[in-house]
Structures are given as C-alpha cells and as structure tokens.
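K.L.:
Take a look at what TrEMBL says about it:
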type	residues	note
BINDING	LEU12, GLY13, ALA14, GLY15, GLN16, MET17	NADP(+) binding site
BINDING	ASN60	NADPH binding site
DOMAIN	8-102	domain 'Pyrroline-5-carboxylate reductase catalytic N-terminal'
DOMAIN	167-271	domain 'Pyrroline-5-carboxylate reductase dimerisation'
Amino acid sequence: MSPVRPGTIGFLGAGQMAEAMARGFVKAGLCKPEDITAYDPWDVRRQVFEEFGAKAVTTNGEVVRASETVFVSVKPNYVSTVLEETSGDLSPDQLIVSIAAGVPLEKIEAAACKSSKVPCVRVMPNTPCLVGAAACAYAAGKHVSEANGKRVEELFGAIGVIRKVPENLLDAVTGLSGSGPAYVYLAIEAMADGGVAAGLPRDVALPLAAQTVMGAAKMVLETGQHPGALKDNVCSPGGTTIAGVRALEKNGVRSAFIEGVNAAADRAREMSRM
Ligand SMILES: NC(=O)C1=CN([C@@H]2O[C@H](COP(=O)(O)OP(=O)(O)OC[C@H]3O[C@@H](n4cnc5c(N)ncnc54)[C@H](OP(=O)(O)O)[C@@H]3O)[C@@H](O)[C@H]2O)C=CC1
Ligand SMILES: O=C(O)[C@@H]1CCC=N1
C-alpha cells in the first residue's frame with residue numbers, strides 16, 4: 001500500500017473543529033489553503049472555508065475524490081451516513097481520520113470499507129488546533145500501515161502534541177483533553193470575574209487570567225516539576241496564595257475538575273454504545 005502523500009486534505013463537515021484543524025494546518029505550513037476541500041450542508045460554513053482560500057464543494061463525494069486524507073468532522077450520529085454515502089469513492093491509498101467523539105473504529109470501518117480496505121484512524125483533537133497548541137490522541141484501525149500512522153503524527157504534530165493510545169482509552173482522552181478547553185475557559189472567565197470583584201477593570205483582569213493559565217501550563221510542561229511542587233512554590237507561609245488555595249479547596253475545586261473529566265468520559269462511553 002502506498003503511503004498517503006501530504007497535500008490534499010478533505011473535510012466531511014465544515015464545522016468548528018474542521019475549521020480549527022484546517023486553519024491550524026495552513027498556519028503550520030503543512031498545506032496551502034487550496035489543498036483543502038470541504039463540504040457542509042450549511043452555506044455559512046462553506047463560505048468560512050472559501051474565505052480563507054480552501055475549496056468548498058457541494059457534495060461529500062467531491063471531497064473524497066479530491067483528498068488523500070479525509071477528515072470525518074460531522075457530529076457523531078452522522079459518521080456512518082457520510083462514510084456509507086462516499087464509500088464507493090474511497091480507496092486503500094487514502095486515509096480516513098474520524099474525529100467524532102464516541103464512534104468506535106469498528107463502526108467507522110464497517111461504513112468506510114464497503115468496497116475496499118480503507119485505512120481508518122480515530123483522532124481526538126481539541127480546538128487549540130487553531131493556534132498550534134492542540135492536545136490529541138489517536139488509535140489505529142486494522143488496515144492502517146506504519147506510513148499512515150506517521151502521517152497522522154505529522155499532521156497533528158505540526159499543530160500540537162499527539163499520542164497513540166489503545167482505542168479503549170479514547171473516551172477518557174475525550175473527557176480530559178477533547179472537552180478540556182471548555183473547563184479551562186470556565187476557569188479563566190471565573191478568575192477574571194474574581195479579579196473584577198477585587199477591583200480590576202475587566203480589560204485588565206481577563207488577559208491577566210489567561211496569561212496566568214498559559215504561564216502555569218508552560219511551567220508544568222517545561223520544568224517537568226510536579227504541579228504540587230510548583231503550587232507549593234507560590235504559597236508563601238501565612239501569605240495570600242495559601243488563603244486562596246484554602247478557599248478553593250473548601251469549595252471542592254479538585255473534585256469539581258475530577259468529576260467534570262469523568263462525566264465527559266462517561267458520556268463518550270455512553271455515545272459509543274448508541
Ligand atoms: N468541538 C470540539 O471541540 C471537538 C469536536 N470533536 C468532534 O468533531 C465533530 C464535529 O464537532 P463540531 O465541529 O463541534 O460540530 P459542528 O456542528 O460545528 O460541525 C459539524 C458540521 O457538519 C455538518 N453536517 C451535518 N450533516 C452533514 C453531512 N451529511 N455532510 C457534511 N456535513 C454535515 C453540520 O451541519 P448542521 O449544523 O447543519 O448539522 C455542521 O456544520 C464531532 O463529531 C465532535 O465529536 C472532537 C474534538 C473536539
Ligand atoms: O462536546 C463534544 O461532544 C465534543 C467532543 C469533545 C469536545 N467537543
């Protein structure tokens with residue numbers, strides 16, 4: 001089987017996540033806008049793709065015929081429909097990348113491999129694909145070659161980090177990093193609200209909150225120190241931070257995040273049984 005060549009990328013469904021990936025790939029220099037083809041039933045979404053120079057077409061079939069890597073970026077309940085609709089045009093030289101939460105590879109392959117053994121992978125990306133800071137994981141289907149796996153790692157490695165995991169861990173990945181940006185946005189918004197409550201103007205509080213989250217994340221990633229040790233370094237004895245940490249702990253901050261990740265992972269598992 002020949003390796004999938006870089007260059008042509010298609011999106012079945014041109015929604016939020018497709019746009020974040022497409023713009024991320026272009027920004028990373030991985031492809032040119034004109035190498036991207038997308039279909040969405042919604043005119044506005046097709047226009048978004050056209051506006052940044054990608055080709056917006058009027059059927060999923062045209063996307064598949066134009067693309068070596070085909071992203072399935074519809075909502076989970078449409079994955080089988082779009083793959084069955086286009087399976088006659090899919091070949092073993094292409095690569096199908098489903099990003100749908102809670103849709104098992106078995107189901108993806110059953111729909112995509114009606115005419116031939118098409119390599120299929122499941123990736124769980126997140127919206128920071130748009131800014132080159134994605135946290136992603138993938139699992140490979142049964143027709144996936146080493147070259148196909150390398151292609152997935154090249155694509156997502158250009159816009160963030162990607163790890164290979166066994167498929168049964170993808171629901172947990174969905175609960176953590178797939179859904180995670182939303183939890184962090186809540187935290188940033190709430191920290192900014194706290195700053196406003198403490199007297200800061202909103203336009204000062206919000207960038208300070210966002211930069212604090214980014215700086216703390218970089219400290220974890222770049223120093224390799226445990227977050228508990230980094231937290232201890234901020235807490236001067238009898239000082240301000242430990243007073244803040246105490247109030248957060250009293251309000252169940254850790255438990256809230258743990259329960260949030262697990263509720264989302266449970267929902268992904270529930271979706272995979274549908
Ligand atoms: N948003 C995120 O952060 C993440 C999303 N995902 C996954 O990505 C997928 C897309 O999510 P998201 O981008 O948020 O959703 P969106 O609703 O923004 O995008 C999906 C798009 O597909 C369109 N669509 C519907 N039917 C078809 C069809 N038959 N052919 C082509 N396109 C169609 C939808 O149109 P219409 O609205 O008219 O139905 C919509 O514009 C989901 O499966 C989700 O699980 C994965 C990781 C993160
Ligand atoms: O909310 C969702 O279902 C999708 C999957 C992960 C992030 N967004």
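Including glycine, each Cβ sits where the backbone N, Cα and C put it.
Caution: TrEMBL annotation is automatic and unverified by curators.
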K.L.:
If the NADP(+) site is taken as the center of the Cβ atoms of LEU12, GLY13, ALA14, GLY15, GLN16, MET17, which further residues of that chain fall within 8 Å of it by their Cβ?
P.N.:
PHE11, ALA18, GLU19, ALA38, ASP40, ARG45, SER73, VAL74
K.L.:
List every residue in the same chain as GLN16 (NADP(+) binding site), at least 6 positions away in sequence, whose Cβ is under 8 Å from its Cβ.
P.N.:
THR127
K.L.:
Between the Cα atoms of GLY13 (NADP(+) binding site) and the residue listed as 'NADPH binding site', find the distance and write it as a whole number of Å.
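P.N.:
Taking the Cα atoms only, GLY13 (NADP(+) binding site) lies 8 Å from the residue listed as 'NADPH binding site'.
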K.L.:
List the binding-site residues among ALA14, GLY15, MET17 whose C-alpha is within 10 Å of the C-alpha of ASN60 (NADPH binding site), in sequence order, or say none.
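P.N.:
Correct set: empty; none qualify.
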K.L.:
Per residue, counting other C-beta atoms within 10 angstroms of the C-beta, which of the binding-site residues LEU12, MET17 reaches the highest number?
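P.N.:
Neighbour-count leader: LEU12.
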K.L.:
Give the sequence-ordered list of residues that share a chain with ALA14 (NADP(+) binding site), lie 6 or more positions from it, and have CB atoms under 8 Å from its CB.
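P.N.:
ALA14 (NADP(+) binding site) has long-range Cβ partners ALA38, TYR39, ASP40, TRP42, ARG45, ARG46, VAL48, PHE49, ALA56, SER73.
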K.L.:
Taking DSSP as the reference, which of helix, strand or coil describes ALA14 (NADP(+) binding site)?
P.N.:
coil
K.L.:
Within 10 angstroms of the C-beta of ASN60 (NADPH binding site), what count of other C-beta atoms is obtained when all protein chains are considered?
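P.N.:
For ASN60 (NADPH binding site), the 10 Å Cβ neighbour count is 25.
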K.L.:
Per 10 Å Cβ neighbour count, which of the binding-site residues GLY13, GLY15 ranks highest?
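P.N.:
Comparing the binding-site residues GLY13, GLY15, the most crowded Cβ belongs to GLY13.
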K.L.:
With DSSP as the yardstick, break the domain 'Pyrroline-5-carboxylate reductase dimerisation' (167-271) down into helix, strand and coil residue counts.
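P.N.:
Helix, strand and coil residues of the domain 'Pyrroline-5-carboxylate reductase dimerisation' (167-271) number 90 helix, 0 strand, 15 coil.
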K.L.:
Take every residue in the domain 'Pyrroline-5-carboxylate reductase dimerisation' (167-271), average their pLDDT values, and give the whole-number result.
P.N.:
98
